[in-house]
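Taken straight from Swiss-Prot:
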- 1-20: signal peptide (SIGNAL)
- 21-275: topological domain 'Extracellular' (TOPO_DOM)
- R98, R117, S182, S211: L-glutamate binding site (BINDING)
- C191-C205: disulfide bond (DISULFID)
- N246: N-linked glycosylation site (CARBOHYD)
- C252-C263: disulfide bond (DISULFID)
- 276-298: transmembrane segment (TRANSMEM)
- 299-303: topological domain 'Cytoplasmic' (TOPO_DOM)
- 304-325: transmembrane segment (TRANSMEM)
- 326-332: topological domain 'Extracellular' (TOPO_DOM)
- 333-353: transmembrane segment (TRANSMEM)
- 354-432: topological domain 'Cytoplasmic' (TOPO_DOM)
- 433-454: transmembrane segment (TRANSMEM)
- 455-461: topological domain 'Extracellular' (TOPO_DOM)
Amino acid sequence: MATWIVGKLIIASLILGIQAQQARTKSQDIFEDDNDNGTTTLESLARLTSPIHIPIEQPQTSDSKILAHLFTSGYDFRVRPPTDNGGPVVVSVNMLLRTISKIDVVNMEYSAQLTLRESWIDKRLSYGVKGDGQPDFVILTVGHQIWMPDTFFPNEKQAYKHTIDKPNVLIRIHNDGTVLYSVRISLVLSCPMYLQYYPMDVQQCSIDLASYAYTTKDIEYLWKEHSPLQLKVGLSSSLPSFQLTNTSTTYCTSVTNTGIYSCLRTTIQLKREFSFYLLQLYIPSCMLVIVSWVSFWFDRTAIPARVTLGVTTLLTMTAQSAGINSQLPPVSYIKAIDVWIGACMTFIFCALLEFALVNHIANKQGVERKARTEREKAEIPLLQNLHNDVPTKVFNQEEKVRTVPLNRRQMNSFLNLLETKTEWNDISKRVDLISRALFPVLFFVFNILYWSRFGQQNVLF
């Protein structure tokens, strides 16, 4: 029995010795291969730790290995990607418009926040065929550098990229070499505004995008075929003083002395909200004009009341006009708001002039009436002398005089008619009576002409 056990141990030791010898032989072969190549790889270390297993080379499917392969194969990010036909690199663009804020009429600019997405093909970055066990795309970090279009915004005044919590940038490389670049940026853009119809105007603001250095021989920008411009949900109703009514995408290729440059343009149509100006400007100014007409019902002798009312309404209208103009830039043309304010001030000023005319006529009539009274007083003695020379028999024929009884209602009607006729014959009172009807009619006609001319830009009715 003991002899059998000893034999088994001897056989086992021989087998272990043979395996150890084989492992040493394989290790020497591995080191010799590594020394020939001049490198020591992770696969060699794995063979040393597991000498009894034959290593099998695994496909490079991890992102790190793919990136290491891409950026150690002579890739030069300073050179634009080559194309099959030698033409320009086609850059497909679409944008997500997130916010529009701070529409400044004085400086003619507005602020916008958007996500810009650009896509192009760089075959130097392709790393395999889809479906061979490799990922569909890899994401680059900030440290990696690849060729990118030199995109800029021609009508931009200020701009910055968002970096909280990390830079809001996405660079995705697909296995066929398609590159997707996405970035979130905020822009302050110039927007030339035409204020002829202010505050019922509709403005057209744009976002231009072009290449700064590459001409159309090198880069061609194209809008994405489907959904080139996307709007964030609720954007149209989030503007405080405007309403986003329409958007469109066009091309704006420019020709300069350095070449022809591809350009894309997004046009944003903004309609000003009229309700604010209706409550803050048009209704108060109408009330001021109507208040100025109250002086037509004052007695012509109420000079302090009529002057105070006219001057107060005129000064109030002037202050309102100054407040509106302080929110607008100085322009060389007449705006709709200028026509309205000018007409209202004209009506108020004419009401004040009407009182001056009435007062002048009344004073002139007073002087004439006083002179006529003095002449009548001077003629009374002469009439009395003539009366004494008339025969008394003329006044004794009382039987020929007939009396007509009048009731109170007929007497009042007669007196009112006499008083109205007297007022109409009084020129100063006649001017007040005409003004009471003429001013409202003229203001109503002006409103019809005004709203038919300027109201068509903004649906009011």
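Cβ coordinates come from backbone N, Cα and C, glycine included.
Cα distances from S182 (L-glutamate binding site) to the disulfide-bonded residues C205, C252, C263 are smallest for C263. Tertiary neighbourhood of the topological domain 'Extracellular' (326-332): same-chain residues 105-108, 195, 198, selected by CB-CB distance under 8 Å and a gap of 6+ residues from either end.
Of all the recorded positions listed here (C191, N246, C252), C252 has the Cα closest to the Cα of S211 (L-glutamate binding site). N246 (N-linked glycosylation site) sits 16 Å from C191 (disulfide bond), taking the C-alpha atoms as the reference points. Across the structure, R98 (L-glutamate binding site) and C263 (disulfide bond) are spaced 22 Å apart at their Cα atoms. For R117 (L-glutamate binding site), the nearest of the disulfide-bonded residues by C-alpha distance turns out to be C263; the candidates were C191, C205, C263. Counting only same-chain residues 6+ beyond the ends of the topological domain 'Cytoplasmic' (299-303), those with a CB under 8 A from a CB of the stretch are 358-359, 362, 428-429, 432. Of the listed recorded positions, namely S182, S211, N246, the sparsest CB environment within 10 A is found at N246.
When averaged over the topological domain 'Cytoplasmic' (299-303), pLDDT in the model lands at 82.
Under the DSSP three-state reduction, C191 (disulfide bond) is assigned to coil, being neither helix nor strand. For the topological domain 'Cytoplasmic' (299-303), the number of residues in each DSSP class (helix H, G, I; strand E, B; coil) is 1 helix, 0 strand, 4 coil.
Our reading of the L-glutamate binding annotation (R98, R117, S182, S211) yields a largest Cα to Cα distance of 23 angstrom.
Each residue contributes its Cα atom, and for C252 (disulfide bond) and C205 (disulfide bond) those atoms are 14 Å apart. Between the C-alpha atoms of C191 (disulfide bond) and C263 (disulfide bond), the distance comes to 17 Å.
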